[in-house]
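Annotated in TrEMBL:
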| type | residues | note |
| --- | --- | --- |
| ACT_SITE | C501 | active site, nucleophile |
| ACT_SITE | C501 | active site |
| BINDING | Q376, Y405, E426, D474 | S-adenosyl-L-methionine binding site |
| COMPBIAS | 17-29 | compositional bias 'Basic and acidic residues' |
| COMPBIAS | 34-45 | compositional bias 'Gly residues' |
| COMPBIAS | 58-67 | compositional bias 'Low complexity' |
| DOMAIN | 76-134 | domain 'TRAM' |
| REGION | 1-72 | region 'Disordered' |
Amino acid sequence: MNSERSGKGSGMSTHPTGDRRGKENDRSRSGTSGKNGLGGKGNGARGRRIDDRGGRSSGTRGSGSRTPPLALAGVPVQVGQRIESDIVGLTHDGEGVGRVEGYTLFVRGALPGERVRVEVLSIGKSFGRAQMTEIVNRGTGGRVEPPCPIHDTCGGCQLQHLDYQEQLKWKRQHVVDNLQRIGKLQVAGDQSGAGTAALGDRSAVIVHPTIGMDEPWRYRNKAQVPIGHGEGGLIGGFYEMGSHDIVEMDSCLIQQEENEETVRAVKEAARMLAISPYNRATGRGLLRHVVVRHARTTGQRMVVLVTNGFDIPHAQEFVELIRERVPGIASICQNIQTAETPVVFGDETRTMWGEDVIYDEIDGIQFAISPRSFFQVNPEQTVRLYGKAVEYAGLTGKETVIDAYCGIGTISLFLARHADRVFGVEIVPEAIEDARRNATINGMNNVEFEVGASEVVMPRWQKAGITPDVIVVDPPRKGCDPALIGTMLELKPERIVYVSCNPSTLARDLRLLEDGGYRALEVQPVDMFPHTGHVECVVSLHRRPSNKVDFIT
């Protein structure tokens, strides 16, 4: 997993909108990655790169007063040097890891097993960065021609140049590496060599092959498009990798086509009415982002206009133009964000036309989705992710389950179909309102939701006689709050199910849970975001017997 969270957090939210994932998968920050926009197949506008600060970009990535070093003592390479390097791995964001006399160079676009010629761009004591100029030997790295014409520019799909089956293998290996390096866990080996413990070692955690998609394209049900000023006026598309330069785009291979159609219609309407685009440098201009959603099961669409102020000129005309051009439009909203911040959404949202929410279904469960709701962007893989969480919970219909970081109740309702009682807790009040509404929509009366920090609410529940058999956590990228880890260890549920969007913080937290008396049995990686470096995992943990001995039957 991830990317867009109106509320996931057991403690203090890091965003005013409660977007707890931070990056994603989904992720309501206006970052420097095309993942937040339409970062894919283009309209021929390659090179129409416009600095979001109001003019054509010079290509400079910063103008700090300190000049980076061209050479360092003990570092075997210099800036500007052209050398060959063997690529031995990939970073978490898909950069090739090269080695030159033991020194690490990160090379975007290079793949493991390849030997490449590079030009060194920058160096530090521990690592440097280089630009690939030639592939000397392709090896067996699984390189393919990326179908997106601006793959080299967009920051959204880091791995389109890697065969999809190889992507799945790499994501599993990435999880294994983190569990071993950070979590100090023994991982059961297999024929791929990923894992160091013997396959029959009952103390070793099993990391299953990554669950991928049959058709890993056109999967995103939400687009979040930054708006800026270009040579011809208002533009919108994606951020070029490593910058705030906006590239005008109308199509993306990982977006549902309905979202592309909606974004095009909104941009056309804004241009017709001369709606001013936001300028980061001056803080002026009105339209900052266009956020669109498409509910695949109902066909409903939502448009959210994120504006730098309350008043939209020709607002009624704007609404009518969108309605005329967007089939299935059910909701048009305005969100006001006047702060200079990477967070997309502000605190106030207004409905301009239609309903406050749209409706979609996942595995037969209906959800009301408001403008700032976190709702997984890949519904097909969500069924697999949450289905595995329910499987690992081991429910028979008699259990009491706590869902920490419950958000709008997505996992809670999956669990409620198989449990006696489910209690969800979430720090963001708006998310709990959505969760309660979703429970009512589905007629589920065995699930309750409460606003608050999990580590505060859960002990209070225990005093009220609510003792969990299973606790499910689905934290943000930063992982579980340490206080929540302590609370879970005090409550001693028989099973813990950990859903993670960040293998490194997952590994850290698993180490704490293992030291606290739990054993990680299985890890199931799920590819929620094909062609990116992100991977989500579901982990099954069981409480060890009180004498801390693993019994082998």
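Cβ atoms here come from the backbone N, Cα and C positions, even for glycine.
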Among E426, D474, the one of these binding-site residues whose Cβ has the fewest neighbouring Cβ atoms within 10 Å:
D474
For the C-alpha pair, I'd like the distance in angstrom between Y405 (S-adenosyl-L-methionine binding site) and the residue listed as 'active site, nucleophile', rounded off.
13
Starting from the Cβ of the residue listed as 'active site, nucleophile', draw a 10 Å sphere and report how many other Cβ atoms land inside it.
29
Taking DSSP three-state, what's the residue listed as 'active site, nucleophile' in: helix, strand or coil?
coil
Could you give me the DSSP helix, strand and coil counts for the domain 'TRAM' (76-134)?
0 helix, 37 strand, 22 coil
Could you measure between E426 (S-adenosyl-L-methionine binding site) and C501 (active site, nucleophile) for me? Cα positions, answer in whole angstrom.
18
Look up E426 (S-adenosyl-L-methionine binding site) in the DSSP assignment and report helix, strand or coil.
strand
At its widest, how many Å does the recorded S-adenosyl-L-methionine site span between Cα atoms of Q376, Y405, E426, D474?
17
Restricting to the domain 'TRAM' (76-134), what is the model's mean pLDDT?
95
